[in-house]
Each structure stands twice: as C-alpha cells, then as structure tokens.
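I have placed the structure first, in the form of structure tokens, so that the comments after it can refer back to it.
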Amino acid sequence: MFRSFASPLALVATSAIASNPATTAQHQGSFWIQTFGCQMNKADSERMAGILEAMGYHEAPAELEADLVLYNTCTIRDNAEQKVYSYLGRQARRKRTHPHLKLVVAGCVAQQEGEALLRRIPELDLVMGPQHANRLEALLTQVDNGQQVVATDDNHILEDLTTARRDSTICAWVNVIYGCNERCTYCVVPSVRGKEQSRSPEAIRLEIEGLAARGFREITLLGQNIDAYGRDLPGITPEGRRQNTLTDLLHHIHDVEGIERIRFATSHPRYFTERLIEACFDLPKVCEHFHIPFQSGDNDVLKAMARGYTVERYRRIVNRIRELMPDAAISTDVIVAFPGETDAQFQNTLNLLEEVGFDQVNTAAYSPRPNTPAATWSNQLPEAVKVERLKQLNALVERIALQRNSRYSGKVEQVLAEGINPKKPQQLMGRTRTNRLTFFATEGPQGCRYSPGDLVDIQINSVRAFSLSGTPCEQTRSRH
C-alpha cells in the first residue's frame with residue numbers, strides 16, 4: 001500500500017512517489033530516532049539517520065527537543081509493540097502544542113498497521129514499512145508538502161544510496177539480505193519484512209571497503225535468514241550449486257584490508273551447511289561465534305512451528321562446529337509455552353539447553369502475533385504457565401552462561417575495544433572473538449594507554465554470567 005493524504009480525510013493518489021528522485025532541500029531542524037527490536041532495525045535506523053543528516057538535520061540532544069521524531073518499531077512481541085504506542089501517545093500530545101513537529105513511525109508496526117495507525121494517532125505525518133527506509137527523503141518531501149503519507153507497499157528495496165550515520169566507529173552492521181520467505185507459524189516477520197531480496201556481492205564488498213577506509217575494524221553481515229543469501233540471485237556453478245551463497249560471500253569479502261573481524265547473523269538450522277562451517281574454520285577473520293536459533297527442543301513442537309528441521313539435525317550442526325572449532329561460541333533463541341506445549345516438551349527444551357551448553361540465549365514466552373497461524377489456535381497456554389516456564393528457562397540460561405564463562409578464567413583473550421564503560425570511565429569495554437563482553441583498564445603495562453579500536457590481549461581474572469573482566473597484557477594492535 002502507498003497512500004498520501006492532504007488531510008486525514010482526503011486521499012491524494014501519489015503512488016509514483018516510490019520512484020521519484022530524492023530532493024536536495026536542506027533542513028535546519030533536529031531529529032531523534034528511537035529504535036526497537038532486532039539488529040536489522042538498528043541497521044535501518046543508522047541508514048535513516050544518515051539520510052536525515054544529508055538533508056541538513058542534526059541529532060537532537062533529547063527526544064522531547066527534536067523537530068522530527070522517528071520510531072523504528074518492532075512487532076515480533078506484543079510488549080515491544082505496546083511500548084511503541086506509549087511513546088507515540090506522549091509525542092502526539094506534544095504535537096498539539098508544537099504543530100511544527102514531524103512524527104514518523106517506521107519499521108514493522110508501521111508495515112503491520114498501515115493506515116490504521118493514522119486513525120489511531122491522527123497526529124502522525126508518515127507511516128513507512130521497513131522496505132522504504134532508503135526512501136525516507138522522498139517521503140518526507142511529501143510531508144513537507146502538507147500530506148500524511150503511508151508507505152507500506154511491497155517494493156524492491158533500493159540499493160543503499162546514502163552513507164549511514166553509524167552508532168559506532170569500530171563495528172558496523174551490513175545488510176546483505178532483506179526479508180524472509182519462511183512461514184514459521186508464530187512469526188510475523190515475513191508479512192512485515194517482505195520476501196527475500198539479496199544485495200549483490202559487488203555492492204556489499206564496496207560498502208565494506210568504504211567502512212574499512214573510515215577505520216572500522218569489524219563488520220556483522222545481517223539478514224533475517226542470512227543462510228538464504230543469494231538464492232534469489234542468478235547464477236549456477238559448473239558443479240550445479242548456486243553461484244551466490246553466504247559461503248561464497250564470506251570468501252568474496254574476506255580480503256578487504258583493514259577489516260579484522262567478520263560476523264554474521266541470524267542463521268536458520270534448515271539452511272546451515274557443512275560448506276559454511278568449513279569456510280568459517282578456514283577463513284581467519286570470521287569469528288568463532290554462531291547465532292543459530294533452535295526455538296524448541298522437541299520435534300513435535302518444531303513441526304507445529306513449521307521450522308523445517310529436527311532436534312537431531314540441530315545437534316549435528318553443533319557437533320560439527322565444535323569438532324572443527326572446539327572453543328566456538330553458540331548462541332540461540334528459544335520460545336517456551338508455544339500453543340499446546342506439554343510439560344514433557346518443555347523439559348525437552350531444557351534438556352537441549354543443558355546438552356549443548358549455549359553461550360548466550362535470547363528467551364521469550366510465546367506471544368500471539370497478528371496474521372500468524374498459531375495465534376488462531378485454541379490450545380493457547382495460560383499466562384501463569386508462560387511466566388513460570390520463562391522463569392525456569394532464564395534461571396537455567398544464567399547458570400549455563402556462568403559455567404561457560406568460567407572456562408575463560410586465567411586465559412588470555414583478544415578483545416576489540418569498542419568504547420568507554422559508561423559506568424566506569426577508567427575502563428574500556430569490548431568483545432572477544434566469541435562475542436563475550438569484556439571490561440578492562442584503559443591503561444596497561446608500562447603506562448601503555450588503549451583506545452577504542454585497539455585489539456588488546458586481556459588476561460581474564462573475573463567472570464560473570466554475561467561478561468568478563470581482565471587485565472591488559474603488553475601486546476596490542478593499534479587502530480592507527
């Protein structure tokens with residue numbers, strides 16, 4: 001859907017806006033972007049911030065001081081969606097006394113609700129789905145012309161035309177595939193993110209080369225289902241396989257000078273291949289950290305979720321990773337209290353957590369989402385069961401995480417310093433190759449001082465469930 005309104009009551013046909021060239025009008029106002037949800041949303045927000053700065057906007061010191069407020073929203077769980085409406089209500093009240101304020105809702109709630117958002121919050125100026133992030137300037141031009149705009153049509157995503165305003169100068173998100181073609185029965189992502197659209201390997205490498213030239217040292221390749229990268233691109237190899245896969249992309253970008261670390265997320269067990277595992281082992285810049293959601297440790301629940309794999313397949317993936325890379329970190333996502341989940345099936349999930357020994361786990365109790373099959377089923381579990389199972393799950397996750405981190409005590413780990421610890425300015429914080437958050441002093445042996453962007457060898461002397469602390473060793477690789 002693509003609509004713009006001269007007022008909340010009058011419809012103006014402007015569907016051609018999607019192909020209009022961006023304007024060059026300069027704005028003197030300020031903006032504030034609030035991001036909810038996943039890494040894809042964070043990357044989209046960086047892109048939109050870059051567009052706004054190119055238009056002449058500057059970032060406001062606080063949300064309530066901004067001339068343009070943009071909420072980049074998430075609908076994967078109900079509590080995230082309700083939080084957005086709370087923020088919007090506050091800004092809608094503000095706009096009644098500050099009519100110059102531009103109020104924008106982007107992301108998945110915008111895609112899901114569309115024009116209904118205008119009826120619920122008539123103070124909105126722009127409602128735009130995630131496929132329109134790169135069209136922000138053209139859409140705001142319509143707003144400047146006095147129209148309310150809804151942009152939720154299923155569009156080909158424009159190649160990145162504007163330099164993103166990165167929230168870090170060390171680590172960068174790089175979108176490589178948008179959308180998702182899976183049909184998991186609980187998930188709203190395909191209906192709000194659209195079908196899979198892979199960027200070309202050439203465009204991705206060009207972006208990464210630009211990041212390296214600006215001093216970035218780590219990149220994370222992003223996709224809702226990153227293992228599906230390239231299956232919508234043309235080309236077959238003489239061996240009969242797809243010419244463009246995530247494995248091929250890793251080889252294609254690996255030699256970009258200046259980039260020290262490469263990560264990727266999020267993987268799907270159904271498409272996680274032996275060839276990909278071997279590439280991660282062979283390519284030294286690819287970090288030994290794999291985010292592979294398993295969602296449930298019970299095959300019947302996985303079938304009801306339409307996940308397309310079994311617990312046995314998941315085990316084989318984990319075993320092969322650890323066979324080649326024994327110290328690799330594996331993180332995951334888990335949903336408990338899915339409709340119809342029995343006590344025994346829940347216990348199977350806990351058993352798999354114990355068996356694998358995950359390093360990090362994103363946990364959630366099932367939340368019915370609009371336009372998903374599971375939301376219509378009659379075997380929904382009581383809220384009390386959801387709360388209790390999530391409580392048990394989180395307790396186990398924390399215990400396992402502490403056990404896994406305890407293995408690092410006394411060891412020396414290479415840490416990429418990402419910034420100052422906001423709670424202790426005398427400390428830097430960064431991550432190991434296995435994605436452990438690590439804190440250490442800004443000053444090392446013999447008065448050596450470290451800065452964000454340095455690769456520092458840290459001797460770990462304190463472990464917690466979700467972070468490490470340590471002391472710098474002499475060896476360091478400066479960013480400069």
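Every residue, even glycine, has its Cβ placed from backbone N, Cα and C.
Database features, via Swiss-Prot:
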BINDING   Cys38, Cys74, Cys108  [4Fe-4S] cluster 1 binding site
BINDING   Cys180, Cys184, Cys187  [4Fe-4S] cluster 2 binding site
DOMAIN    29-145  domain 'MTTase N-terminal'
DOMAIN    166-403  domain 'Radical SAM core'
DOMAIN    406-474  domain 'TRAM'
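Here the features listed in Swiss-Prot are placed on the structure.
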| residue | record | Cβ within 10 Å |
| --- | --- | --- |
| Cys38 | [4Fe-4S] cluster 1 binding site | 20 |
| Cys74 | [4Fe-4S] cluster 1 binding site | 22 |
| Cys108 | [4Fe-4S] cluster 1 binding site | 27 |
| Cys180 | [4Fe-4S] cluster 2 binding site | 22 |
| Cys184 | [4Fe-4S] cluster 2 binding site | 21 |
| Cys187 | [4Fe-4S] cluster 2 binding site | 23 |
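Taking the centre of the Cβ atoms of Cys180, Cys184, Cys187 as the [4Fe-4S] cluster 2 site, the nearby residues of that chain (Cβ within 8 Å, site residues left out) are Glu182, Arg183, Tyr186, Val188, Val189, Pro190, Gln224, Asn225. DSSP labels the residues of the domain 'TRAM' (406-474) in these numbers: 4 helix, 42 strand, 23 coil. Within the model, the domain 'MTTase N-terminal' (29-145) carries an average pLDDT of 92. According to DSSP, Cys187 ([4Fe-4S] cluster 2 binding site) is assigned to coil rather than to any helix or strand.
Distance from the CA of Cys38 ([4Fe-4S] cluster 1 binding site) to the CA of Cys187 ([4Fe-4S] cluster 2 binding site) is 14 Å. In this structure the alpha carbons, written CA, of Cys108 ([4Fe-4S] cluster 1 binding site) and Cys180 ([4Fe-4S] cluster 2 binding site) are 13 Å apart.
Under DSSP, Cys38 ([4Fe-4S] cluster 1 binding site) is assigned to coil, being neither helix nor strand in the three-state scheme. Cys74 ([4Fe-4S] cluster 1 binding site) falls outside any helix or strand according to DSSP and counts as coil.
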